[in-house]
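Lifted from TrEMBL, the feature list:
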| type | residues | note |
| --- | --- | --- |
| ACT_SITE | H69 | active site, proton acceptor |
| BINDING | P167 | substrate binding site |
| BINDING | H197 | heme b binding site |
| DISULFID | C38-C118 | disulfide bond |
| DISULFID | C71-C76 | disulfide bond |
| DISULFID | C124-C321 | disulfide bond |
| DISULFID | C204-C230 | disulfide bond |
| DOMAIN | 28-325 | domain 'Plant heme peroxidase family profile' |
| SIGNAL | 1-27 | signal peptide |
Amino acid sequence: MELCNEQRTMLIVVLIVIMWSCCYSHAQLSSDFYKQSCPSLFYVVRREVQRAVTRERRMAASLLRLFFHDCFVNGCDGSILLDDTSLSMGEKTAGPNNNSVRGFDVVDKIKSRVERVCPGVVSCADILAITARDSVLLLDGPGWSVKLGRRDSTTASFSTANSGVIPPPTSTLNNLINRFRAQGLSSRDMVALSGAHTIGQARCVTFRDRIYNESNNIELSFALSRQRSCSADSGSSDNNEATLDIHSPGRFDINYYRQLLNHRGLLTSDQVLYSGGSTDSLVVSYSRSLNAFYRDFVRAMVKMGDIKPLTGSNGEIRNNCRRPN
């Protein structure tokens, strides 16, 4: 049966409304969201991030990781920043975060500075997004236009954070691909985002099994060098740390991928990216081209920042990032 003109028009309107509603949360995010309400935002955040990274260069990696761990648990909503209460457990003490994720004091200081100039305007979720970008820039990495307009969650989810949505350092390649795909991120996005391990450190407990039990996929001298500060048995060395990138841990570059080609990935989840699987060619490509890595990393960071943001009247703008209003 053919549709009359009026029916066709109505059908088109309905389709447009459906498409608009599906994309609405992303459309509300924009790089100039605070242009009128908090014009000095980027300057204030950059200054505090720079101070923190000057004091401790490793802090750049910690702030970048905060954003990743926040977005992978119910979206980029600042929930990782909420403290435990007598009534509920937050995400800070969940397995992937406990004694691992750090930088909360830096975020507190940034939020305090922002509140002085723009009280009640900027969300903690957006502060995490900006600090992630600035942390990369301050270690000579790429920059990008950060989309803003997220609001903060009023709750956190200990159970979701513990459910495996954040891939563990022992992940197989298939697990990594599936976990990232569940967030709307491709294998290319996953390999590019893994390049953030060009900065930062990992604890002995996260790579012990690899350096003692995976001799077929780890370069021997590299394993022996890591064993010096990480004993085979659990105990006093558990929290000893090693750099993820042995060549240039303070620069956001492509040495991480070059290490993988030589079977010198510190974590199992690093080396599986180059282990005869579907992502080998991407590792080779990034190891040869800084521009290719930067291009795909920036695209993936923007996509990750689009994971289920709270916008409009959803959520709130927290006065203190550690607790709901």
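Just so you know, glycine gets a Cβ as well, placed from its N, Cα and C.
Sequence-distant contacts (6 or more apart, same chain, Cβ under 8 Å) of P167 (substrate binding site) comprise N175, L176, R179, F180, S269. Taking the Cβ of the residue listed as 'active site, proton acceptor' as reference, residues of its chain lying under 8 Å away and at least six apart in sequence are, in sequence order, I80, E91, P96, N97, V101, A161, I166. Cα spacing between C76 (disulfide bond) and C124 (disulfide bond): 10 Å, rounded to the nearest whole number. One residue stands out among the recorded positions C118, H197, C204, C230 for having the most other Cβ atoms within 10 Å of its Cβ: H197. A separation of roughly 42 Å, to the nearest angstrom, links the Cα atoms of C118 (disulfide bond) and C204 (disulfide bond). In this structure, C321 is the one among the disulfide-bonded residues C71, C76, C321 with the smallest number of other Cβ atoms inside 10 Å of its Cβ. Across the structure, C204 (disulfide bond) and the residue listed as 'heme b binding site' place their CA atoms 16 angstrom apart.
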